[in-house]
Amino acid sequence: MGVIGTTVIAILHRAAPLACAAAGALATEYAGVLGIFMEGVITFSSFCIAFFALVWGSYWGGLGITVCVVPLCLFFVAVGTERMRANPFLTGIAVHFSAMGMSAFGASSMFARAAASAMQMDTAAHGVSFTHVSLAHTRVLPHPLWGTAVAFALVWVFHLYLYSTNVGINFMHSGEGALALQVRGTDAARYRMVSWAVAGVCAVCAGGLLVLRVGTYTPQMAAGRGWTALAIVFLARKRMMWCVPAAIFFSGIEHMCDVLQGTHVVPTGVLFALPYILSLVVFVCTRRTSPCRRGERRRSRLLFAYLQRVTCA
């Protein structure tokens, strides 16, 4: 395989978890509650997958228990947010910092007891820190290429579900079209709560792909991908399939940064900060599309045509 083929595969490997994270963030944006918690949940999901994989000796075991626990926890948080009429943005920030804190605590205590033999101790900071865990000895660790293909396929299936089913159409308009759904007798709050669980599933998939690709767990596993996913939502104009090219674009820039690190042309600190800088630029420069714009008018026509069809039936 040539240099170009190797580079393309490397970029696709990087883009797969980012596309999953962007799909989860877009799901919450559709419901009107932007998933500001994606960065922390991805990190916490990576920690849970690595921890249970070390305990049970199976990558699939760690992924299975995490994909059940994390979305369920987010769903309960969403239910509490709706019942208490709390601000979902502030709740999302609290979830983010809580997830980051639990990941750091678990990496320094739980891993030390569960898999001390697999630890690579980092003494560069404050004494001995059990924060870098090798998963090389776990069973049934599949090839990363399969995970990348499955991730893109799941994003495509999610896209088809949203645009091809009545529930998917309701879900897409549960944020901006909440009043229209209420007139029809559908409670938009249910879709808002479900969107948190959907974002949790996508975050677990992103964390699982990161663990699968790297083969280790570190507290910096997410590396800003949660924030980049939020930027992709607006860069892709809230279109599910546009999230994949946007994720590939950001992954290409990330790969370029890794290549430039070996040349010492650009300071390392600037390269590390580049994904965050690009996310900030996208947030500032990308305008939120209003309902009167062409894309929103098309979605509104689809919604009201669907409502008219249901009413006439």
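Counting begins at 1 with the first residue displayed.
From the backbone N, Cα and C atoms, a Cβ is placed for every residue, glycine too.
As annotated by Swiss-Prot, transmembrane segment applies to 4-26 (among others). Counting only same-chain residues 6+ beyond the ends of the transmembrane segment (4-26), those with a CB under 8 A from a CB of the stretch are 34-35, 38, 42, 144-145, 147-148, 151-152, 154-155, 158, 198-203, 205-207, 209-210, 213, 225-226, 228-230, 232-233, 236, 238, 240, 243-244, 246-248, 250-252, 254-255.
According to Swiss-Prot, the feature transmembrane segment maps to 36-56 (among others).
Within the chain carrying the transmembrane segment (60-80), a Cβ under 8 angstroms from the stretch's Cβ atoms is held by residues 33, 37, 41, 44-45, 48-54, 86, 88, 91, 95, 138, 140, 192-201, 203-205, 207-208, all 6 or more beyond its ends. Among the features that Swiss-Prot reports, transmembrane segment is placed at 60-80 (among others).
Marked as transmembrane segment by Swiss-Prot on the basis of sequence analysis: 88-108 (among others).
According to Swiss-Prot, the feature transmembrane segment maps to 140-160 (among others), an assignment based on sequence analysis.
Listed by sequence, the residues of this chain that lie at least six past the ends of the transmembrane segment (194-214) yet keep a Cβ under 8 A from its Cβ atoms are 13, 16-18, 20-21, 23-25, 27-28, 30-31, 33, 35, 37-38, 41-46, 48-50, 53, 59, 63, 66-67, 70-75, 77-78, 135, 141-142, 144, 147-148, 151, 154, 171, 174, 221-222, 225-226, 229. According to Swiss-Prot, the feature transmembrane segment maps to 194-214 (among others).
Residues annotated as transmembrane segment in Swiss-Prot, with sequence analysis given as evidence: 240-260 (among others).
According to Swiss-Prot, the transmembrane segment annotation covers 265-285 (among others), on the basis of sequence analysis.
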